[in-house]
Each structure stands twice: as C-alpha cells, then as structure tokens.
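Pulled from TrEMBL, these are the features on record:
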type	residues	note
BINDING	Gly80, Gln81, Thr82, Gly83, Thr84, Gly85, Lys86, Thr87	ATP binding site
COILED	308-379	coiled coil
DOMAIN	1-311	domain 'Kinesin motor'
Amino acid sequence: IIPFNTVERKSSYGVVDCDQNRKEVTVKTGGVNDKASRKMYTFDMVFGPAAKQIDVYRSVVCPILDEVIMGYNCTVFAYGQTGTGKTFTMEGERSPDEQFTWEEDPLAGIIPRTLHQIFEKLSENGTDFSIKVSLLEIYNEELFDLLSPSEDVNERLQLFDDPRNKRGVVVKGLEEVTVHNKDEVYQILERGAAKRRTEITLDGEELVKIGKLNLVDLAGSENIGRSGAVDKRAREAGNINQSLLTLGRVITALVEKRPHIPYRESKLTRILQDSLGGRTKTSIIATVSPSSSNLEETLSTLEYVNQKLTKRTLIKEYTEEIERLKRDLAATRDKNGVYLSSENYEGMMSQITSHEEQIAEYTDRIAAMEEELKKVMELFVDSKTKLEQCTVDLEDKQQSTVDASTSDVSGLHEKLDRKNKVTLLTSHFILLRPTETGLSVTLGSDVTHPDLHTCDLLWVLNIKAGNETYKFLISL
C-alpha cells in the first residue's frame, strides 16, 4: 500500500487499512460514514505505506534466489493500477551514494538488488559465471527490444517456439547485454526507459529475464476510461489489458488442471510459458492506493491477485514421473512382460546405487550413534549408582550426627539437673545451721557436731545425745 500523494490527501479519504501481523488488507466500501461495509483479503505478506524497499525484497525475492540458481523457473510480477508504485518497486531509483550495498541502498528496487545478490552468491560459490540481461517490452501485442542498438524504435521482434524445449519460446533478434555490477544494471534500465512507450496511457509490460528468473512490471490494471486513451489508443490499451486477462486465465487453467492452457492467446503468456507451469514458483506484488478516489481499481487489483495466488501451480516433477510411468507401462504391454527402456533402466540403476550408498552411510552413522548412546547409558548407570550410594552414606552420617547430638543433649540435661540439686542442697545446709547451733546449746556436750555428707542425694545429720545417736535423713 503506497502513501497518499498530495492531490489524494486534499481531495479524498483513506479506504484501505492493513494488518501486517495478521497479513490482512481491509477495504472500506461503503463511504466515509459507513463503518460496516468492508471487504477483507488475506495474503502471504502485507506491506503498509511505511514499508521499505528492502523489506519487500527480502520477503518476496530472497527466498527464491537459491532455487533460481538450482534451476527453478521463477517469476515475480508487479501488478496494480498505474501510479501505485509498480515500476518503483521493480526498478527503484539510483542512489547518489555509490558505496551502498544492495542491502543498504534505500532506493534500489527488486531488479538491481536481485542482480547484485546473484553476483554475490555466484562469487561466494567460487564458480565461473556470466549474467546476461534482456529488456523486452510488449506493447499492443507487439514485441520491442528496449536495448536494441538500432535507432528504429518501431522495429518489431518475432516470436518462435524453441525446438529444444517444447514449452519454451525464442525471441528472434533480442539483444542480450552482459552485466557485472549494479551500476551497469541501472545503465541498462535508463537506456531501456528512453525507448519505453509510456507517454500515451502509462500502460505496457516490461520484462527482464535473468537466467531462470523473470521480473515483470505489468501494465496498469485500471480500466480504459480512466487511462485517458481514446480512439486508436483506446484499442491499443484494450489489447494491452487483454494480456492481463489472458495471464489470469492461464493461471486459473493451470490451477484447475484443464487440458488446454491458453498460453498462445497473448505474447506475454507465451513468453512466460515455461515459467508459469511445472517446476516453477510465481509471486505477484500487488500495489494499491489507499485513496477513496481509486476504490474501484484497488478492489479490482486485490480481487485479481487474491484469486490467482490462492492457487498452486503444477509440479513438473510429478508430470515427468507420470510420463515416465506411462512409457514403462506401454513398453511392458508391447513386450508381454516386464520391460524398461535402457534410458529408464540406467536412470533407475543410478538411483539405486545412489540410494544404496546413502543407506550404507546412514547405517554407519546409526551404528556410531548407537555405540555412543551405549557409552552414555553406561556412564549414566554408573553415575546413578554412585549417587545412590552417596545418598545412603549421607543419610547414615546425618543419623549418626543426630544420635550423637541427642546423647550430648541428654548428658547436658543430667549435669544441669545435678548442678541444680547441689545448689538446692547447699541452700538447705545453710538453713540447717541455726538448728544445729540450737541443738548444741540445748543438749550440751552430748550433741556431737553433725556429720553432714551426701549419699545418693541424701543429707544425713548424725546427732549424739547421751548414749543415743539420732540420725536425721533429709531427702531431697
């Protein structure tokens, strides 16, 4: 979703909201005072007006670059109303700072970033490589080479089926330019822009094909009335928009697995024939305006993209597998027995050998891992046994310590009791002193001095009176 421009901000209101976390776009369809009428669309990724060029690139293109290098045919479309940022998203602008990398440059679009990153990836792999770029425009169902050295801007190119690839085509005479860095890419874009037919209705398809990667800036999706084209230009605009409809029909036919795919109904779909079905990946970047003045075109864009990208293209590997099985079945019937063509047999044996090598490698890995697991288990059991023994020893030691402490406490209690009793006896002895003195006075010499001693905590008082001896036992 692009930001409001100055005119839209003054003359209209916002009708588009997005939730980047939920990946949803909501369009208010009932007017400024109608809060209930709205449509909601869900996509793989949503970018609001504050999104940066690098955010779009990382989400859309980065994930497929490795697959492009591995041989997948991948296509990225920019689709939307004229003026919603398709070309800026695909090409961007040339930054005045030449030191920017493809990640740091805030203005670079998908095309220069893609080429720059491909340069980096191939250089890191240490392989020799050559990258050639063609810049092709499809206008009014005619092909024009935007990099042609010829000064004839009306020179048309011819399209032929590729004899080496039943699903491919060849554009005869299409100029290819070798590029080595980002600056050369911008030079090519500037060179091609000078020849583009954009001054009439702002419509036209621009195609940059990089090996197996197609980066496509589609025509504006608005209706002819809003494009400003009249008479002959209106008919040309109709032809241009027809290619968008054909593209939609092709994608729908692929998804629904129809027997006939209408590739030949437009030059665009014919050129992209080998990149729309089979072993391919396709992404569409839909650009929309948040303004109420563009509500019709915004809904049209979202409906178009939502219908096409909720479907999946056919997988080429499955198709090839079916064809191979059909050949083997036909050969078996013809020979009245099991028969394989030499090509299929060699391919099968090669796969078997490869699988056997993988199985042997995995078996060795499993054996090594099992041996390692056995050692770990033995170590675990030994450690567990030692831990249990240590636990028992610790419990015994704790019990011994508790018992010893209990015994010590009991001894201390006994000593304390004895000390308390001695203290008590001493106090009793002091109290008996006056009694002894009184008895001595009363009985005279017949009373011996008391013999005070302890015996099992008994105080014994021996008193002699005449010929008799009196014992007083004081039990404490």
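Using the three backbone atoms N, Cα and C, a Cβ is placed for every residue, glycine included.
Note that TrEMBL annotation is computational and uncurated.
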Cβ packing number for Gln81 (ATP binding site), 10 Å threshold: 25
Gly83 (ATP binding site) CB neighbourhood, other CB atoms within 10 A: 17
All-chain count of other Cβ atoms within 10 Å of Gly85 (ATP binding site): 19
Those binding-site residues listed as Thr82, Lys86, and which of them has the most Cβ atoms within 10 Å of its own Cβ: Lys86
Among Thr84, Thr87 [binding-site residues], residue with fewest other Cβ within 10 Å: Thr87
Coarse DSSP state, helix versus strand versus coil, of Gly83 (ATP binding site): coil
Packing count at Gly80 (ATP binding site) (other Cβ atoms within 10 Å of its Cβ): 30
